């Protein structure tokens, strides 16, 4: 069974800061608190429209984090250049649409193998480990292995948004099957999107899971209980699921 890690996404600390155009709350300070509370890594999504995390945030976080930076980004020339210059520990390549509220669905790796292969090779040459954010789909998992990504991150949105227990169980089975296939192909398996304190345990219990990236639920809880307590509680639930 893989060791289970928690990556805390701090995008919405920046969302709150940018809502008033101030310099607070500071994502760098939030990252430090999250690390102290047990986060194994810090995830940030540098979007093309810079709606929350900024280039400056990325630079400072890379210099100050005590754990690992996971930079989520679209597969564009601009973002690849920023990643190669900044050299985060991990890059998670995601699809991106300007009009979306949050990332909707996974990358179509199978439909753009050459582009993904080139991006993975370029990032790997800079010493960056690459993850591809994909749906729990056999075709996409096979394609991820073919293009040379060492990690995938399974999109858990359909599981998280399921309206009935039966629908959620079906999505969980799909994720479990996808994780098993990925591990068999030599891929390390992460997961994220829509995971909360109420639904995380079933995903955390899957033996192939290496890291869960969780943001909105933790920041939402932090408003009520404080960030340190919110991160620690999520980590406790994840480890509890592993027995």
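Glycine residues also receive a Cβ, built from the backbone N, Cα and C atoms like all the rest.
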**Fill in**
3-amino-2-oxopropyl phosphate binding in Swiss-Prot involves 9, 20, 215, 216; of 38, 194, 243, the partner in that site is 194
**Prompt:** Where does residue 72 (active site, proton acceptor) sit by DSSP, helix, strand or coil?
**Reply:** strand
**Prompt:** Near residue 12 (1-deoxy-D-xylulose 5-phosphate binding site), which residues of its own chain have a C-beta under 8 A away, given they sit six or more steps off in sequence?
**Reply:** 52, 215, 216, 219, 220
**Complete:** As a whole number of Å, the Cα atom of residue 45 (active site, proton acceptor) is distant from the Cα atom of residue 9 (3-amino-2-oxopropyl phosphate binding site) by 8
**Complete:** Among 9, 20, 194, 215, 216, which the record lists as binding 3-amino-2-oxopropyl phosphate, the farthest-apart pair of C-alpha atoms sits at a distance in angstrom of 26
**Request:** Which residue among the binding-site residues 194, 215 has the fewest other Cβ atoms within 10 Å of its Cβ, if you could check?
**Result:** 194
**Asked** Counting other Cβ atoms within 10 Å of each Cβ, which of the recorded positions 45, 47, 216 scores lowest?
**Response** 216
